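> Summarising the annotation, Swiss-Prot assigns [4Fe-4S] cluster binding site to Cys43, Cys44, Cys108, Cys139 and lists sequence analysis as the type of evidence.
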Amino acid sequence: MNLIEFPLLDQTSSNSVISTTLNDLSNWSRLSSLWPLLYGTSCCFIEFASLIGSRFDFDRYGLVPRSSPRQADLILTAGTVTMKMAPSLVRLYEQMPEPKYVIAMGACTITGGMFSTDSYSTVRGVDKLIPVDVYLPGCPPKPEAVIDALTKLRKKISREIVEDRTLSQNKKRCFTTSHKLYVRRSTHTGTYEQELLYQSPSTLDISSETFLKSKSPVPSYKLVN
């Protein structure tokens, strides 16, 4: 009985067979080709701009800034977002092709920052408008923190399923596609909260005993050091 003889492999050739799935291949191809749309409105964006220099060189991560949302798959929001800017931000996010990601950079973007204490025009968190993948706290965050956030985003991309991500985002849409904001009655009366303002004490609130005690003479030995 003759055995089937297989041709011997050349010892100088290397194995060139890769076993993977289409989803893993798609995730791997997007790890080093994130094209961000830079949405900077205040001082946090200055820290991100330092990444372009030769010291940090964010080109080594495959980041290519784009000016059009139709060519970007990552939007990086840095700074305060106001109510008037909210529809524009949502429109930019809707124009980005799937799959798309969001990094919220800085305290003003995540919570509204110090401007949301008594302001009627500040959005208290960009996640109320668009879904956020990575939160980057700080005021402002350092460039090293931005690189760490990009690394965490790449790890998240490497183990995700695109179909499940698309379905979950469609269920958590904050705005409709038509970008129509519902008109509500304004709760701003033009006056600030009086409890937050400093009010000088009136002379009527000071008791007469306290006033008389302050008028009493001070002994001479207490004036000597």
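A Cβ is built for glycine as well, from the same backbone N, Cα and C atoms used for every other residue.
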> Taking only same-chain residues 6+ apart in sequence, whose CB is under 8 Å from that of Cys139 ([4Fe-4S] cluster binding site), what do you get?
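Within the chain, Cys139 ([4Fe-4S] cluster binding site) has Cβ neighbours under 8 Å at Cys44, Gly106, Ala107, Cys108, Gly113.
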> What does DSSP assign Cys43 ([4Fe-4S] cluster binding site), in three states?
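Once the DSSP labels are grouped into three classes, Cys43 ([4Fe-4S] cluster binding site) ends up as coil.
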> Counting other Cβ atoms within 10 Å, pick out the least crowded of the binding-site residues Cys43, Cys44, Cys108.
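So among Cys43, Cys44, Cys108, the binding-site residues given, the one with the fewest Cβ atoms within 10 Å is Cys43.
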> Other residues with Cβ within 8 Å of the Cβ centroid of Cys43, Cys44, Cys108, Cys139 at the [4Fe-4S] cluster site?
Ser42, Ala78, Gly79, Thr80, Gly106, Ala107, Thr109, Gly113, Gly138, Pro140
